[in-house]
Amino acid sequence: MSRLGIMVLTLLLLVFIVTSHQDAGEKQATQRNAINFRWRRSFTRRAATEECEEYCEDEEKTCCGLEDGEPVCATTCLG
């Protein structure tokens, strides 16, 4: 094989390695962002649930969740 052919193959291999490494980094960053989002969402939901339970406890009812940011209290929750 000529030197030009070897140089072209080496260049193609180098381009392939660099692009696959970048793709792996983007996938890892996407996964990390998804995990962070899930954690923040669960933390927010937990805080809202505690507030709802405290609010409904004063009325001696069960917290059924939040609707439009307001706690929904009932003796028994449906669905």
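For all residues, glycine too, the Cβ spot is worked out from N, Cα and C.
For CYS56, the disulfide partner named by Swiss-Prot among CYS64, CYS73 is CYS73. Sequence-distant contacts of the signal peptide (1-20) (same chain, six or more residues past either end, CB-CB distance under 8 Å): none. Ranking the disulfide-bonded residues CYS73, CYS77 by other CB atoms within 10 A of the CB puts CYS77 at the bottom.
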